[in-house]
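Per TrEMBL, L-aspartate binding site is recorded for A:177, A:223, A:453, A:495. Here TrEMBL flags A:223, A:224, A:225, A:232, A:488, A:540, A:541, A:542, A:543 as ATP binding site. The domain 'Aminoacyl-transfer RNA synthetases class-II family profile' feature in TrEMBL is assigned to A:144-574. Summarising the annotation, TrEMBL assigns region 'Aspartate' to A:201-204.
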């Protein structure tokens, strides 16, 4: 239906007869002659309908409307360019030529669109309802294409690294200790349900037991969560598992993988190896386990500065085993009252026990702070030296437990960076590994120890004694996260491959022998028959695609995303289902009939 | 953990110190010295533990059990080969060398396995329960690897052909006019349900409306069917859609795609273009819309032979507008009584109205048949000539409607081929296109016209007048299937892209304007805003992988298949779910409580 696409014709084609097909991107009448930009997936080409070339095409061209699908035959000609008039367009690859149409066929007429495609639309619901139009925008089309390109690069890399892509079931089992599962009633097994996988974790480990050694899958995963923030009920991860590997092997593999994806998507070279820091360092220095290292503003410990302080709050904190720390937002002394209020809000949300952050601001040689006068001269000097406090800076303090201070200053640091616009250089990609995560965390609510990563994560070999001794808080895991610009791209671990250790781990997590057998019997069984040492990692493809595209939301890189109620406004999904069909799968809705709902709760 | 894999060491490595890791594939004691075959994903290497080299390794080697995971360090040596003794093994790529172990580490001990890996196991349930062991067999490992290889080849080909892989939702909407859907209750939308997609049909068409032009996806699809035959509740298809294409474009693309997959999987060159026949020809000549053309045995029409017959049954059939046809199973006159009974059974199942197939058998110059004596001499001559009837042949006749005769003789033809072993040459791959499928079929049960392909299929441009005139039975579709050795590999069509034609099509199918708006509103809407001409195809990846692997069941090329009750015996899925979790998604089971079940049925 065409000889060329709409971003193909150049001056070298002048004189040729060509045929193009696509959408009318724009149309204008210049003294009775219609000019259109014809658009297809690849770009646009200008077409002009001159009566002297074809009366018929010229007549028809007056009826053209934006987004009509048209097929145009014509001759490639140079655009007019003289000393006086220049109709060429340097911004377009096809900007030096135009098609003078000899024939015009309107393939499919378009009605007036519900919104214009050349303007950003803030009404998200309208965008979603007409997603097939929203995706016609150059930005969205580029995003979808770029996602395809980086996904393909990922596959190629893993392929060449000897990994087999192996599909694991979507009709699967509930994830123990995970988020909420989506459930699927089974018709052939009355009263029973499949669950959609939150990750193919156990299947991929079983593939290692099966001896397949190197597995990957670009896998759809599902979590029935409340969709605050930028979550989707279904998402895609690059799921990787390998046998006979250590942490170093996985790190090297993933650095190559991400480099390949960013090269394919953006043409940039990602330097490797990525920097690494331990979880402890990340928390202490950046107040986050996924630090944004595009800017410094490190958290500085002031224990030595205030070792002899008589300032009550600091004294009490330090004597009680807590910490006093600060960050210097360099050059941000001009912070507005509104910004200050916002920072205080954030600090309070993060756990600051008072209403306002303690700060010191140095403006025009003057220290502005309720604190400053409390500090001794030597404390002042030490603060200035240690925090590199210079004119125009503002320093924020926090005192309390190591964890709470990290959380508060970490959040304040990130927010300052947003306010100071330190985080919006589109060419800056700061990759980072965070390693040595803790194995276990104490859940205050339940009183149980829970797995920080998941129950299959291998304890650090140096910390096995601590595990045996019940010193759970200090056992590290062989677990690692890869971070980019403050986003966790993915995480993984070396796994347990011994039945006894796995069983012990379950016991620590409060899962008794019987429950272990019911929930994890097949995995524990599998470990009895020659399970190889193995480990892996999973990367969030949606998030990577989002960062490559320079977008703020993963919805911008998913063709048909759900809204924050889990609904697809275009396809009107989810929908109601006839009772008859529900009965066939042995369920009924408790929602419509309030009586049944009450009974169910009783 | 290793310097080489287990299929890497050759004579050129002799003298080198190497480290291997893997599974003990077999172990034997030869005069107090243990020899093992060490196995990893790539192959096996012989290792020997000599006390004079390492007493420690030698001692430990006596404790080795099959499937232990071990790490072995040692020296590559030539296997003994003298005039008297030859311990080399030509069947192994590593058969000229062995590792003389200096160190042995038992990485993970294996218990006694529930079955032996070097023997075929007919107990399917046991295989499935311990699937992670079953997958260790060389055959299964090869199948999984080969599937990965052909999938990767498919992606590479489509990638290079300018197709973007685009993910469409799994949490989707019911498929109208499809099979039964799997349903997923929504927690955030009480009383509403997602359906798992039977195919991404509407999404891919909407991507064409979105202007993305070339889409593919290796897509998981779901059908809640009774799992007789070789079906799985979830399966994978290579889903393709393109804009501005005609049937010829799709056929060329898919021929290249399949050629690429078979080249990658089996190293064979598939000749193209594939032969083509119309649906009508396929039915008339092979009695099937997916003919196996590896063998001839064509259905021959005998209308002219029996134009003047006085044989009552033939006479009546021909006068009533029916047909008399036959196949010649060449050389099969020696058919056993058992085989004959089986053929009669199959013919009856296929609709033969009497108990026995009419046949003529020519053995040692003698015609054996109740029919023969009824035929006139000229009829006899014509039958012999037309069917090429020679000594040793047997001819089967059927008389009746064109459709019923096709069905009966088609089934008999296939079964004869099985009995005659005409269909088991593993090197024969007969690809074929079947084109010009009918658009509509009359469903006797409901009295409605139903879509043969699906409601979005484009009527043949030459048959639009018949559609307008209500002559539905004779409207062809622009629909095509690709067939291999009697299996349908996939099918597709050029789609309707005009709102009015689509709406008319729905009306013909008995879907009124209101129902159209509810069920297909977004698609009809989309067609109003400049929908391009488009079409596509979907290939069954599981089946292709099965045929490449030379297997009889798709279960052999799926890592974790379900059994014929839709259950995963390893993961014990589906499973029961706590009432509390069901209530959270606003459903309850009608199965456990007989009272509720009764109410639901009332």
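A Cβ is built for glycine as well, from the same backbone N, Cα and C atoms used for every other residue.
All annotation found in TrEMBL is predicted automatically rather than curated by experts.
Taking Cα separation as the measure, residue A:488 (ATP binding site) is nearest to A:453 of the binding-site residues A:177, A:223, A:453, A:495. Break the region 'Aspartate' (A:201-204) down by DSSP state and the numbers are 4 helix, 0 strand, 0 coil. Sequence-distant neighbours of residue A:453 (L-aspartate binding site) (same chain, six or more apart, CB under 8 Å from its CB) are A:437, A:439, A:477, A:479, A:491, A:493, listed in sequence order.
Of all the Cβ atoms in the protein chains shown, 26 others lie within 10 Å of the Cβ of residue A:541 (ATP binding site). Neighbour counts of Cβ atoms within 10 Å were compared for the binding-site residues A:223, A:495, A:543, and the top value is held by A:495. The Cα atom of residue A:541 (ATP binding site) lies nearest to that of A:223, taking the binding-site residues A:177, A:223, A:495 as the candidates. Each of the binding-site residues A:177, A:225, A:488 was scored by the number of other CB atoms within 10 A of its CB, and the lowest score belongs to A:177. Following the DSSP three-state reduction, the secondary structure of residue A:541 (ATP binding site) is helix. Secondary structure at residue A:177 (L-aspartate binding site), taken from DSSP and collapsed to helix, strand or coil, is coil. Between the alpha carbons (Cα) of residue A:543 (ATP binding site) and residue A:223 (L-aspartate binding site) lies a span of roughly 16 Å. Here the binding residues for L-aspartate are A:177, A:223, A:453, A:495. Their largest Cα to Cα distance works out to 23 Å. Here the binding residues for ATP are A:223, A:224, A:225, A:232, A:488, A:540, A:541, A:542, A:543. Their largest Cα to Cα distance works out to 20 Å.
Across the fold, the C-alpha of residue A:225 (ATP binding site) and the C-alpha of residue A:177 (L-aspartate binding site) stand 14 Å from each other.
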